[in-house]
């Protein structure tokens, strides 16, 4: 009889978690600009966030060992990038300059809603299209950095966080 009560309690807790877990209404889990800093692993597995949108201001959801924590990103913010031109397929051009985004539509054309591949001149960084897939924590596999930026990955692979706080070339979500 006590085992049944324990099962009911566990089922109730799972149901409660499912009911109170926020679901994205838009389906967009946009990643914030910048790169996660190299964080010291946290011995207790803390799940402060799962996506960048869970963090306040410009903070990003970063891996620290088996933990996910909100941290101030490294690298230039979008406002610090200037003179970067990005071509959105054949439907329009976006220019980022002095922190402002300008989109020009060609006559009769529509601007693509997919994120463009951005080249940050002078930094040698090329961000590829798509988003990094979500990672179940902890994830088994190589716990070492295989890349720092998308341009170090072959084909359309992106440099994404793996489950142990390191970066690996991964097939993106579109």
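Placed from the backbone N, Cα and C atoms, the Cβ positions cover glycine too.
It is 68-117, from the ranges 68-117, 118-167, that Swiss-Prot records as region 'Disordered'. Of all the disulfide-bonded residues listed here (45, 61, 169), it is 45 whose C-beta has the fewest other C-beta atoms within 10 angstroms.
The DSSP breakdown of the domain 'WAP 2' (125-173), given as helix, strand and coil counts, is 3 helix, 13 strand, 33 coil. According to DSSP, residue 62 (disulfide bond) sits within a strand segment. For residue 153 (disulfide bond), the number of other Cβ atoms no farther than 10 Å from its own Cβ, over all displayed protein chains, is 21.
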